[in-house]
Amino acid sequence: MVNVLEIIGIDSYIYLSVILFCIGVFGILYRRNAIIMFMCIEIMLNSANMLLVAFSTYHQDASGQVFVFFTMAVAAAEVAVGLAILVAIFRNIGSIDIDNLKNLKG
Amino acid sequence: MNTLIAIGGLAVLVLIAEIINLRKFIIPITIIGLLGILGLTINDFGLQATYFNNMIVVNKFSTAFNSLFIVLTIFLVTLSGDFYKDQLPKISDYISLKLFLLMGAVSMVSFGNMAMFFLGLEILSISLYILAGSNRKDIRSNESGMKYFLLGSFASGVVLFGIAFIYGATATFDIGEIFKLAINGGIPKWYQLGVVLIIIGMLFKIAAVPFHFWAPDVYQGAPTLTTTLMSTLAKVVAIATLYKLSLILTLSMPEAYITALVFISIITMTVGNIMALRQDNIKRLLAYSGISHAGFMIMALVNLAQSEASLFYYATAYALAGIAAFTVVIVVCRGKSEELIEQFNGLAKRSPLLAAVMSIALLSMGGIPIFAGFFGKFFLFSQALEKGYITLVIFGVINSIISIFYYFKVILAMYTKEVEENASELQIPLSYKVVGVVAILINIVIGLYPSFLLDIF
C-alpha cells in the first residue's frame, strides 16, 4: 500500500498544524466571546493532535496515536470544567463577554 | 510508585466516605492517610527504579519533592476543615480535589514518559480551575477561575504542541531515549522548537515574566485557601517539573538558551518586586512576591548539574513560609470583601501569636538570616556564582533588598499602627494555630540545620 505521507510529505502536515495552532492563538488573543475562545483552545489542542498523528504515521510508530486518545480525553474534561465556570459567570452577570470581567485589578 | 496509587485510593475513599455518611471523619481520615503515605514515600528514599513500562521513574529527586508535596497537602487539608465549615455538604469534593491535584503533582515530578507528564500537568491544572472558581456565587471567584482556565489551557496547548514536535524529532515519548538521542545530536531542528515551546508553557505555569500577567488577578479572586494552594504547592510543582524537564531536554540547546534564561530570571524578580511595592491588597502583594520568588528559582536552571539540592531547599523554605503567611491572611481577612493590608493594622495587639508567625514568614521570604529563606537564596546564589553568572547574582542581591521594603510594610502595619475601631474580635481556630506554628517551626529548624535537607541529595 502506498503511504500517503510519502506522496504529500511531512512538511505540509507541519505547516498545516502550525497554521491551525496560530489561528487558535490569535483567536484567544483577539476574540472576546468566551465560547469562541473555548473553540480556539480546542483548535490549538487539535492541531497538536494532528501533528502527533502525522508524525506517528511518518515514524510508523503507534504510540503517537495512543497519545492522541489521552489528549482528547483530557481536552474533553478541560472544556467541561471551562463551560461550568462559564455557566456560573452567566448566572451572576448574565453575559459571556470576557470584557465584563474586570473586577480584579490593582 | 505506591505513592501515586495510594493517593488516588485515598481520594476515592474520601468520596465514598461522603456517600456512607462519614462526613465528620473525612479530614481526620485524610490527614492520617497522608501521614501514612508520607512514611511510605520517605521509606522509598534512595531507591532507583522504574515502574509501569518506564511510565514512572523513582529517584532521589522525585522522592524528595513528593514528600514535600505531601507535607504541603497535609497542611492544606488541615486548614480546609475550618475554611469550608459553611459549605460542609461539599467538603468531600474539596478534599478529594486536593488529593487528585496531589496525584497530578506526584506524576509531574516522577514521570518517565511524556504522556505521564502531560496527564499529570492536566490533572493538576483542571483541579485548580475548579478550586479557583469554586465560590460560584461570587463573581470575583468566577472571574479568577475563568482567567486561570483560559491562560492555563493556553499553556497546556503550547506544551502539547511542543511534545508533538519532540515526538516528531525522536519518534519516542520515553524520556530516557529522548535524552540519549538529544545528546548524540543529529536530530531534526523540530526538536529545539519543541523544547522551547514546552519551556514557554511551563514558564506560564510558574508565572515568570513575561507570562505572569494572570497571576495577581487569579490569586486575588480565588478563595484564599485556593490562593494558598496555588502560591505554594502548585508553584513548587511547576518549578520542580521545569527543572526535571530542563535536565532531560535542554542539555543540547545552544548557548543563547541559557542567556534567555538568565534574562528571564532577572526580569522576573525585578518586575515581581517592583510591582509588589505598590500593592495595597495582601493577596496581590503575595502574588507578586511569588512571581519574584519564581525568578529566584529559575536561577537553579542555569547550573543544572549542581542545583538540585539548593532548588529543593529554596522551594521548601518558600512553600513553608507561604503556608504560614496565608494561614494568617485567612484568619485576619475572613468575611471581608477585600483583603487589604490595612486589616493587619495592630495585629500584634489583637493576636501576638499570629503577628509573630506572619512576621517570621515574611522575614524568611525576604531572606533575613537564621530563617530558611536566607540560606535558600544563599545556596542558589553560590551555585550561580560557581558557573560565573555574576550579573545574575548582583541582580538577585539587589532584588532581595527591594523585597524587604514591602515585607516590612506589612510588619510595620502589624506592630506600629493602631487597631481599626470597627475591628471585631479575632477568632483563631486551633487548627490554624497548629498549622502556622508548625510550618514556621519547620522553617526555622531547616534554617538552623540546612545540611539536613541538602545532604539528602
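Keep in mind that glycine also has a Cβ here, set from the backbone N, Cα and C atoms.
Per TrEMBL, the feature domain 'NADH:quinone oxidoreductase/Mrp antiporter transmembrane' maps to B:113-403. Under the heading transmembrane segment, TrEMBL lists B:27-45, B:57-79, B:99-132, B:148-170, B:190-213, B:225-245, B:257-278, B:285-305, B:311-332, B:353-376, B:388-409, B:430-452.
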Exercise. Quick one: do the transmembrane segment (B:225-245) and the transmembrane segment (B:257-278) reach 3+ CB pairs under 8 Å, ignoring pairs fewer than 6 apart in sequence?
Worked result: no
Seminar exercise, completed: Other same-chain positions with a Cβ less than 8 Å from the transmembrane segment (B:257-278) and lying at least 6 residues past its termini are 196, 203, 208-210, 212, 216, 250, 285, 288-296, 298-299, 301-302, 389, 391-392, 395-396, 399, 402-403, 405-406
Problem set entry | Positions on the same chain near the transmembrane segment (B:27-45), where near means CB under 8 A and six or more residues out | 2-3, 6-7, 10, 13-14, 17, 58, 60, 63-64, 66-67, 70-71, 73-74, 77-78, 80-81, 91, 95, 99, 456
Exercise. How about the transmembrane segment (B:285-305) and the transmembrane segment (B:388-409): at least 3 CB pairs under 8 Å, pairs 6 or more apart in sequence, or not?
Worked result: yes
For this session: Return yes if the transmembrane segment (B:353-376) and the transmembrane segment (B:57-79) have at least 3 CB pairs under 8 Å (sequence gap of 6 or more), otherwise no.
Result: no
For this session: Could you give the residue numbers and ranges of same-chain residues that sit at least 6 residues beyond the transmembrane segment (B:190-213) on either side and whose C-beta is under 8 angstroms from one of its C-beta atoms?
Result: 121, 125, 151-152, 154-156, 158-159, 161-166, 168-170, 182, 234-235, 238-239, 241-242, 245-246, 249-250, 253-254, 257, 264, 267-268, 271-272, 290-291, 294-295, 297-298
